[in-house]
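Worksheet: the structure to be examined is printed underneath.
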Amino acid sequence: MEANAGLVAGSYKRNQLVVIAPETHAPRPLQHSAGQVCQICGDDLGTTPTGELFVACNECSFPVCRPCYEYERKDGNQACPQCKTRYKRHKGSPRVSGDEDEEDVDDLENEFSYIEIHKPRRQHTSKQEHMGFGEADSRNSHPPSRPIPQIPLLTDSSHSVSGEFSGISPDHPSLFMPLGGGKRIHPIPYADSNIPSSVESRSMDMSREFSPYEFGDIAWKERLDSWKSKQEKMQMIEGHAGGGEIDESGQPMDPTMKDDGRQPLSREIAISPSKINPYRIVIVIRLLILAFFLRFRILNPVEDAYGLWLVSVICEIWFAISWILDQFPKWLPVNRETYLDRLSLRFEPEGKPSKLSAVDVYVSTVDPMKEPPLVTANTVLSILAVDYPVDKVSCYVSDDGAAMLTFEALSETSEFARRWVPFCKKFSIEPRAPEMYFAQKIDYLKDKVQPTFVKERRAMKREYEEFKVRINALVAKAHKVPEEGWTMQDGSPWPGNNPRDHPGMIQVFLGHSGGHDTDGNELPRLVYVSREKRPGFNHHKKAGAMNALVRVSAVLTNAPYFLNLDCDHYINNSKALREAMCFMMDPQLGKRVCYVQFPQRFDGIDLHDRYANHNTVFFDINLKGLDGVQGPVYVGTGCVFRRQALYGIDPPPSDSPPKEDILTHLFCGPPKKKKVARSIHTERTTRNDSSVPMFTLDDIDEGIEGYEEDKSLLMSQKSYEKKFGQSPVFVASTFHEDGGVPASIPPSSLLKEAIHVISCGYEDKTEWGKEIGWIYGSVTEDILTGFKMHCRGWRSTYCMPLRPAFKGSAPINLSDRLNQVLRWALGSVEILLSKHCPLWYGYGGGLKWLQRLAYVNTIIYPITSIPLLAYCTLPAVCLLTGKFIIPEISNFASLWFISLFLSIFATGILEMRWGGVGIDDWWRNEQFWVIGGVSAHLFAVFQGLLKVLAGIDTNFTVTAKAADDTEFGELYVFKWTSLLIPPTTLIVVNLVGVVAGISDALNSGYQSWGPLFGKLFFAFWVIVHLYPFLKGLMGRQNRTPTIVIVWSILLASIFSLLWVRIDPFMSQKPANPADCGDNC
């Protein structure tokens, strides 16, 4: 199939599948899209003696010319390459063995057996390849195959894009048969009048084409061969004389490389005892001080302000619980180090093909107006230029908005990649996203020694600017949608004109057999995917789109690992994939790692990081702490997954006995022994090594005869369909733990199955979103997905290379930032109110108790907003009423308050010391914890309750990825939202309280200043934490009208003085003239 042969669109439910051919070819129904050209040699089909078009197979009408048909009958497997039905003899053809059989009866043995026909078919294909490129055969010679057509563009363009899948040649164009078996097809109404009516096509029966027995045989044979080869290697190692070493390929190992090649690919570096031990001691001391402090607060109520005292004590108890949940998962922080040189020595031997595992990369986007195509293009370009074997990388872009703008931008991106990728690799530039590379304010000549670098860099910068102009032109044109909807360049309508009701779409832009750069080197695959959407179906937003990408990639490339990125997160370190493989491919520790999480780093943040967008405390302290327990939580992007772990499979058993979970033992009793079932479902769920994916060694020792006799060793087809869906190709791919797609599957069938697995009803009555893939039920699907894998016993790893692996953009505008935090908090509330709540889910599994505490803290932190809001209101109330939440205390009791504050500061300082976090980042994090807590977190609690209890759903707004034209322009843009009301009210009330308190002290005399200091300190604590929010309301300093500031101060002063004069909280007693004498 040609990668640029056209956009494949279809719907499995509606039995539709069409190819929108490029440029000069109009869209045609799939059953007529291959009518004139032989799909083996590329020659014309020719005609019969009666003048009709030659049809080799009367079953499926797969186009094969007469010479190829004769060759197949004589020297091949005598079967149709498409439907595997035995060829019948046509008039004028010589008889071959088997023609004497009864007519109109299919040869079922050849139809369903891939193994027996595999070798002769490959020999035939080899000969046909010579024929297709014009080399002479002993009997025939054929002209070269037809030229590759171009991709249709939204605007006129002379740029062509090509590329193919591995194993898909120009002799196999992207032309497919209809999906349903014997059903009437209603495709997009385009037809080819040039096809004679006598040529009839049969709908392909998927149950025949992808028989479970067929894939079972393939999987069984491949695993048996793999097991035999491993046994032979073991015998070679045992019988090797002289004690020489043998590498993984069975060849003698160079003694000088033996040590480095067999050492671990990564190591865990514990925090220095001089840094971590004082930190742990202070935590214990702070815990003791906190206990005595709460005891004092509970036993010493304030009689004249009992309500204020009770509210404050409840808030302080909740803050203590929240601190414990946040603090103790950071008890065992670790650092990690990778060894890329050892990875190369082990898996990239000199002069041999690379043995690094393949990696699929997922990029998700929805709305090109909020997620600019130029941002997505930079992300894709950084992926295509990554420092990794090109045949091991495939990039899948999910367009969940079915926008033609995204499609056309990817077309332009694939063309520009032909020049950008070789430039990056030739000069080893970093980063490999052109926008960020050319915007760097550094000496770009540093470490560059090639004389041509300056000249080529200037030329590349000019070409990138031209590329930006073309993208901007597409964006400008997309702002005005035509009334009839978008159309392709050839006049055919864009299938995604209705983003809520459209078929699934797939377009291959680049591939290994057709996608080459300007230097003639291959490029990674680039595939556009837009899943089918229909009214009445729950598409599950981003989680559903990611699951669709998992299935599509499994059908087309099936890499054992995949990386997911947001469209605005580009690869900043070209060796990022190698960094992840140091953990995933480590023979000792990698088998139990479900994912490798990288920290998020951001560009375009203002210098002072006003709203804590860098989130440094979380990424550099919290996740380091979790890495020492069971691994970091999944944060939604910048994460490399093990495909098998996302399929709901348990990790392999650990070599060392597991440590007993103390809390689980106390509250839930001793762990129950799991029953060892003979069922294949248990074996399938816990398989962990590619050598035993379906069978154990004992099963292999019993021989093939035992397998043939005991059919219960295979999981039934219904069980697979219930778990993974009704796609035999996808089900078969789950058995290939080392990845790869069987070469025996026709390329056309792969794309047809890819359309099938992205249909909107594919997940019905399956375990997708429940136990497999991204888990549904929360807008923060990342937390839930990682939690499920940790509950099965998997561990994750945190990778922090010196050069950040990925960088992205973050909303620096106050309103956008609060809306982003609102979505995160809302997802946590949804998990809290679901069956997957860490408080009661996953006991008896592999989740460690410190990891459980971390997940509990992750889901209950929004509830802290309620006591936080009340606690921030107390200072103003105390200042306005003259009361306080703490009674008069002795000097000894005051030591508990002083000790508590000192322990809080000591904990923060020591945490910054071992985490490498600056005091500015730590303070911004503290400030935004209060800002987000009294606004976004508070709204998330009520929205979550409404959604779960009342069924009132709230719309999720995509965070804008673009910024203002001026530097940090978005920082000063004021966007009103209801999230601003609570913190604004707190600031005003506390400011008024401060003015009222000071005015009252001036009016009352010297003796009232002592009690006032505690109240003022409390109020200033709230105001200082909300100061960044106040700056966000004010905008630019030079844009704030002076009259507004003057009137605000004046009105606050007048109101405070009136409040003190009226004093409504003090009981007013009538004056007694006898008491005041003559002065009355």
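Every residue gets a Cβ built from N, Cα and C, even glycine.
Positions annotated as domain 'RING-type' by TrEMBL: 38-84. Under DSSP, the residues of the domain 'RING-type' (38-84) split into helix, strand and coil as follows: 10 helix, 4 strand, 33 coil.
What TrEMBL lists as region 'Disordered' is 119-146 (among others).
Taken from TrEMBL, the feature compositional bias 'Basic and acidic residues' applies to 126-140.
Sequence annotations record features per position, and here TrEMBL assigns region 'Disordered' to 241-262 (among others).
As annotated by TrEMBL, transmembrane segment applies to 276-294 (among others).
Under 8 Å from some Cβ of the transmembrane segment (306-325) lie the Cβ atoms of residues 287, 290, 294, 297-298, 853-854, 856-857, 860-861, 864, 867-868, 870-871, 874, 877-878, 883-886, all in the same chain and six or more residues away from its ends. If you look up TrEMBL, you'll see 306-325 (among others) marked as transmembrane segment.
Of all the Cβ atoms in the protein chains shown, 14 others lie within 10 Å of the Cβ of LYS370 (UDP-alpha-D-glucose binding site). As annotated by TrEMBL, UDP-alpha-D-glucose binding site applies to SER364, LYS370, GLU371, ASP400, LYS541.
Taken from TrEMBL, the feature active site applies to ASP400 (among others).
Listed in sequence order, the residues of the same chain lying 6 or more apart from ASP566 (Mn(2+) binding site) and placing their CB within less than 8 Å of its CB are VAL363, SER364, GLY636, THR637, GLY808. The Mn(2+) binding site annotation in TrEMBL covers LYS542, ASP566.
Annotation for ASP782 (active site): same-chain Cβ neighbours under 8 Å, separated by at least 6 residues, are VAL633, TYR634, VAL635, GLY636, TRP774. The feature active site is assigned by TrEMBL to ASP782 (among others).
The feature transmembrane segment is assigned by TrEMBL to 859-880 (among others).
Counting only same-chain residues 6+ beyond the ends of the transmembrane segment (892-910), those with a CB under 8 A from a CB of the stretch are 275, 278-279, 282-283, 285-286, 289-290, 292-293, 296, 300, 327, 922. Annotation source TrEMBL lists transmembrane segment at 892-910 (among others).
Cβ atoms under 8 Å from those of the transmembrane segment (930-950) belong to residues 611, 818-819, 821-822, 825-826, 828-830, 832-834, 861-866, 868-869, 872, 978-980, 982-983, 986, 1022, 1025-1026, 1028-1029 of the same chain, restricted to positions at least 6 beyond its ends. Per TrEMBL, transmembrane segment is recorded for 930-950 (among others).
The annotation transmembrane segment is assigned in TrEMBL to 971-992 (among others).
Within its own chain, the transmembrane segment (1012-1030) has Cβ neighbours under 8 Å at 610-611, 814, 872, 874-876, 878-879, 884, 886, 924, 926-928, 930-931, 983-984, 986-987, 990-991, 993-994, 997-998, 1000-1001, counting only residues six or more beyond its boundaries. Taken from TrEMBL, the feature transmembrane segment covers 1012-1030 (among others).
Summarising the annotation, TrEMBL assigns transmembrane segment to 1042-1062 (among others).
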Enter the number of other CB atoms within 10 angstroms of the CB of LYS542 (Mn(2+) binding site). 21
Among SER364, LYS370, GLU371, ASP400, LYS541, the record's UDP-alpha-D-glucose-binding residues, the widest C-alpha separation in angstrom comes to 16
Summarise the model confidence on the domain 'RING-type' (38-84) as a single mean pLDDT, whole number. 79
So if I measure Cβ to Cβ from ASP400 (UDP-alpha-D-glucose binding site) and keep only same-chain residues at least 6 apart in sequence, which ones fall under 8 Å? SER364, THR365, VAL366, SER530, ARG531, LYS541, LYS542, ALA545
